[in-house]
Amino acid sequence: MNVFRILGDLSHLLAMILLLGKIWRSKCCKGISGKSQILFALVFTTRYLDLFTNFISIYNTVMKVVFLLCAYVTVYMIYGKFRKTFDSENDTFRLEFLLVPVIGLSFLENYSFTLLEILWTFSIYLESVAILPQLFMISKTGEAETITTHYLFFLGLYRALYLANWIRRYQTENFYDQIAVVSGVVQTIFYCDFFYLYVTKVLKGKKLSLPMPI
């Protein structure tokens, strides 16, 4: 395991903690896409089905459990504890537009036609587009709270660090995972416009608006 993988995991964890902290402190989930959070929970669920059958390391197991817990606690806060503050009128992205093609692609492009492998592949493809409902929500409302933009920044940073991790693994181990790399590149592309706005606006104390034609 190299430093890029560890930093990527920490960035991902920080993003989730920031989001949970924001919801808990404000007792409000306005501006947060519940649909994106459902997709992320689905990503972790289908990816970590091997949690009790395939032990790699304590670090790996702990991170899987933490990500699953954070994902489902976030969904619970949005649709349960603080559901009265949920902005359902603006969280209108049609999930079937993502789920149907991702399911189809998972059956067509995978490494092995087994249940666990197809579900793992599904999780990789789905993660690459799971943020779209959140970006769509921002483009629809015209702006995002600062803490939400920090959450998105660290999610994007996690993806960028994982790309560096794959490059490093290819150099040192001659390891190349085409499905993960291509999906990671696609996901990073979705964040590129956001990164520019984050640096030019948010870091200068301005509110972020994200025009995004869908």
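Backbone N, Cα and C define each Cβ position, glycine as well.
With respect to the membrane, Arg25 and Leu115 are annotated on opposite faces, judging by the topological domain names in Swiss-Prot. Ranking 33-52, 150-168, 179-199 by CB pairs under 8 A with the transmembrane segment (5-24) puts 150-168 at the top. The separation of Glu117 (site 'Interaction with the K-D-E-L motif on target proteins') from Arg5 (site 'Interaction with the K-D-E-L motif on target proteins'), Cα to Cα, is 22 Å. Summarising the environment of Arg5 (site 'Interaction with the K-D-E-L motif on target proteins'), the number of other Cβ atoms within 10 Å of its Cβ, over all protein chains shown, is 17.
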